[in-house]
Amino acid sequence: MAHRNQNRPPGNHPNKKDSAEEIEADKMGRTRAPLTAVVNNASTSNTDGTESNTIEFTKEDIEALLNEKMKRGMASLDHKKKMDQMVDLIKRLKICVRWCFNENEKLHSEVEFAVKKCCDTEIEMYNKTEELSDTISNMRNTISSLEEINVKEKSEKLVAIEDNMKLQQCNSSLQSDLKSANEAYRRLDMEKTIIVESLNATRDLNKELQDRLKSLKDSHSEAIKHKEMLAKEITCLREELKKLMDDRDRLQGQLNAVMLEREKYIKFKYETYSKLDKLASKTEALENTCSSQKEKITLLEKKLCDERKKLEMADLSALKTREMFEEKKNIIRELQDQLADKEFQVVEGEKLRKKLHNTILELKGNIRVFCRVRPLLREDRSETNMVVSYPTSIEMLGRGIELGQNAGQKHLFTFDKVFNHDASQHDVFTEISQLVQSALDGYKVCIFAYGQTGSGKTYTMVGRPDAPDLKGMIPLSLEQIFQTSQSLNDQGWNYKMQVSVLEIYNETIKDLLSNRSSGFDQTRAENSVHGKQYSIRHDKNGNTHVLDLTIVDVCSAAEISSLLEKAAQIRSMGRTQMNEQSSRSHFVVTLRICGINENTEQQVQGVLNLIDLAGSERLSRSGATGDRLKEAQAINQSLSCLSNVIFALAKKEDHVPFRDSKLTHLLQPSLEGDSKTLMFVNISQDQSSIDESLCSLRFAARVNAVKLGSQTVRPKHTQGA
Ligand code: ADP
Ligand code: MG
């Protein structure tokens, strides 16, 4: 049960038992206590258990409660605390509001009760006042009647006195009367005293009643005032209540907002927590990274320091390097100048080389003779007697050849080179490669193979097309020309090559690259039909032109080999038709080389003639008749013409019979002047061919003794001729 507050207003106490006493106390003019409420913590023992009934509030408490929010700097607190505080405040506000409600109701009932009590007291007072007024009027009436009586009695007294006088006589008589009258008077006086006393009492009562009425009126007015005050307080309280309700609504709204915010906050909190977790792990990782980065940074700073030092050093060295660079630049400039000089020297050197090469070749002889001995073939194996031997003296080694049987006469010959039966195609080519090079240098070069049929001329010049290792001088020379021309590209040389392939049979030219070419009979027929005479012309520049001859521009050795294949095919077709007559014709491959050097504006025009001559065997040996005789005569004619030309050239005769045969006519520019000629003399080493071999070697020895060009006949060691 709540303890009663000493300052509590009279209507505030729930226990009505005391109200009468209080009213009485009020009646006694006790001053009202100010409207205050104190939170009594001890009141929690209230039986209904509600907090509103257990806590009492003072005005200051409420004000403190209302002002509480403003007092605290909530903004600085975190959300959770804020929330808790808000909830606590709301809780307390709710308690306060509930308490206010209860108090209000109590006040209402107390005010009503007080008003009712006041009304009752008023009515009672009225009744009592009326009673008292009646009593007073009665008293007044009594007094007036008593006064009247008094007056009467006074008059009566006077009368009595008069009477006394009169009666004095009758005093005695009347003494008794007087006595009785005195007694009556005494009685009356007593009565009067009593009446006066009662009047006084009545007056006191009246006064008292008046006072009471006054006090009642005062208390009534006070009660009215109190009522008004209460009413004011009620209005105030209502306003406060309204305010509180507004506040409550506002707070409720705020609470809702706060709740929403709280939900959001909780959501946010959970998100934040998860983020926080992630962030924590990230932070950890970052911290790790940070620490490692810090280490790295310190390392890098150290490095930076070092690098700066290095940079300074490098700057210094860069300065030096720049100086060096300038020096080097100057050196490079000098070197470039030197290079230009050297390049010029190279060009000059190249010119010199050509000149020297030419001189060497000239010294070697502008016409040279190589002898090649064919090994014994399977069909020759029956022959036991070897007719060929090679002198081993230092002077003769590789240059000498001895022909003759052991018993018989021996013939020794020396040539520029003698290839025994073991010499490979490659060995042979090595010796002629420099001569081939001369064609690229702009000379006219002529290489031909001379010898009896079957001595290996075709083998030497063409080789075996089926075996790459057995390629003859023609394909090997052409390949070298292409290879060298390509390597000379670096020096600024650009070469244009043209090839033509022909055959001379019975003083008739056959174009072996013509698409129409076939047999000689056909060729002749075609020549007459198409008017193709293949007439030979030489211009003043020493260039040979064979009219109507197919000339093919070639860019690679592969193209040439395919052209040679084609020519060989056409030639072999002819051979079949002409019954192994290929050895009856001269096979001429001509490569025209035109070189231009873009750098030096030099220009060269070289010609390389590669000729597989017809068999040189004598008519007596072949025993030919008819067409074969004619063929043999034509061959002999052209071969003797060739030797005539060579000897005429050697003797520097005014007239050189070039035009006596198609072959010499064709080769004229390649035999004159500073042109270079190489003759292979092919011989067989079998005994049966000894005579023909001897003839060939004798002819070759004569040729070998000849020096073409500006020089005269060089004395050469020739024996057995
Ligand atoms: P030619 O053309 O002078 O009539 P060939 O070149 O046709 O003679 O040669 C006749 C035969 O001898 C061919 O079968 C050829 O292969 C062979 N022959 C020629 N010279 C050699 C050599 N140096 N080594 C191997 N075989 C050769
Ligand atoms: Mg041949």
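First residue shown is number 1, and so on along the chain.
Positions of Cβ are set from backbone N, Cα and C atoms, glycine also.
In TrEMBL, annotation is done automatically, which means it is predicted and not curated.
Taken straight from TrEMBL:
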REGION    1-33  region 'Disordered'
COMPBIAS  15-29  compositional bias 'Basic and acidic residues'
COILED    129-345  coiled coil
DOMAIN    366-706  domain 'Kinesin motor'
BINDING   GLY451, GLN452, THR453, GLY454, SER455, GLY456, LYS457, THR458  ATP binding site
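Taking GLY451, GLN452, SER455, GLY456 as the candidate binding-site residues, the subset whose CB lies under 6 angstroms from any atom of ligand 2 is empty. If you count neighbouring Cβ atoms within 10 Å for each of the binding-site residues GLY451, GLY454, GLY456, the highest count belongs to GLY451. Following the DSSP three-state reduction, the secondary structure of LYS457 (ATP binding site) is helix.
Long-range Cβ contacts of SER455 (ATP binding site) within its own chain (separation 6+, distance under 8 Å): ARG374, GLY615, ASN682, ILE683, SER684, SER689, GLU692, SER693, SER696. Neighbour counts of Cβ atoms within 10 Å were compared across the binding-site residues GLN452, THR453; the minimum falls on THR453. Following the DSSP three-state reduction, the secondary structure of GLY451 (ATP binding site) is strand.
Averaged across the domain 'Kinesin motor' (366-706), the predicted model reaches a pLDDT of 83. When the neighbouring Cβ atoms lying within 10 Å are counted for each of the binding-site residues (LYS457, THR458), the highest count belongs to LYS457.
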